[in-house]
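Before any comments, here is the structure.
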Amino acid sequence: MAPRPQRGLLQALLWGLSFFFSLPGPVWLQPSLPPQSSPPPEPHPCHTCRALVDSFNKGLERTIRDNFGGGNTAWEEEKLSKYKDSETRLVEVLEGVCSKSDFECHRLLELSEELVESWWFHKQQEAPDLFQWLCSDSLKLCCPSGTFGPSCLPCPGGTERPCGGYGQCEGEGTRGGSGHCDCQAGYGGEACGQCGLGYFEAERNASHLVCSACFGSCARCSGPEESNCLQCKKGWALHHLKCVDIDECGTERANCGADQFCVNTEGSYECRDCAKACLGCMGAGPGRCKKCSPGYQQVGSKCLDVDECETEVCPGENEQCENTEGGYRCVCAEGYQQMEGICVKEQIPGTLRALIYLAPETTQCSRYYSHPHFTYVGTKMQRGEAGLCGKQVAELAFGSRKSGSGAGLIHSRQASSRR
């Protein structure tokens, strides 16, 4: 028989496993979090109550013939009559009223469950409309259609046609809201009974209003034509019943920056950036400059780039000048690369090059550079060896790692200020 594990060891093993599985997994095993977004607004309690009642009524339809449908009709009718208003049926309906994820529905049902039971057993005959009895009369969450607010006041335009039928009364049907009319496009006024800005009355009678759009630049008009304007939109001026574009750039109404110029547009204007060659400008391109930017010069009517490389501007050894737009830069000549602030010859494959820096007060090299494919070279150099003392920089070439032999000193020069 196999030996039984010691009790203490087994307990320790189980504890260790439970601790391990309680830890969060590695980052790559953890589910990625969805991007943060603002939560959707909570529904108004009246809307939640209406949804609950609608779901309750669907449950009644679903259960009205449950467990019946064949056999002795007289017996079924008798049983159905008893089941119709039974507690069993109420429980079956309430179990499916709210979806599992609808927190607001579950919370409202919990608060109103006794009211629903009271209506089910005692109030159905005198108050057949559960929504009116529960949501409006009992819980006071809702108002009748066409009314709003704590006192269920009529919406502007009346309860029959709130906002004249051309808008939405804020808070209609609930115990909240301001009752303000949010009018459809083209309509305005307190009860949406007028035409809005940019529209005119195309047709009106006691119960009907049709608003049509004015010509594009008109704020108020008597008809759809360009010559029917009575008032212009911003950026336009009325002239003989027509709206004419205002040139803000020509009338100095524009407000552009020092390095921008103004471009007139229909009803407005735009500020656009001057060319890089300009310090202030009157239009687009290097030919409309007020002054030339540094690195540019006036040539005829244009500000053109100065070629700084025509003069000797890169004093470093093995450097050459490269002209740029409005300036220049110093780069290493072909076959050279920048290393520690100076241009040195590019490495030859199979060899090792090192830069040896020697401070005047020490006998050891203070910095070095080595190729990653070769072994460590070392930094100690004695004074007088190959002229490496003082402010000099030496370029040494060593043989490949295979041969292990050194090629000796091949070049040395004064480091001067580039050290």
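A Cβ is built for glycine as well, from the same backbone N, Cα and C atoms used for every other residue.
Small disclaimer: the values here were computed from a predicted structure and weren't measured.
Annotated features, as they stand in TrEMBL:
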SIGNAL    1-29  signal peptide
DOMAIN    153-193  domain 'EGF-like'
DISULFID  C183-C192  disulfide bond
DOMAIN    305-344  domain 'EGF-like'
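Burial estimate for the disulfide-bonded residues (C183, C192): highest at C192, by number of other CB atoms within 10 Å. Applying DSSP to the domain 'EGF-like' (153-193) sorts its residues as follows: 4 helix, 11 strand, 26 coil. For the domain 'EGF-like' (305-344), DSSP puts the residue distribution at 3 helix, 20 strand, 17 coil.
Along the domain 'EGF-like' (153-193), the predicted structure has mean pLDDT 94.
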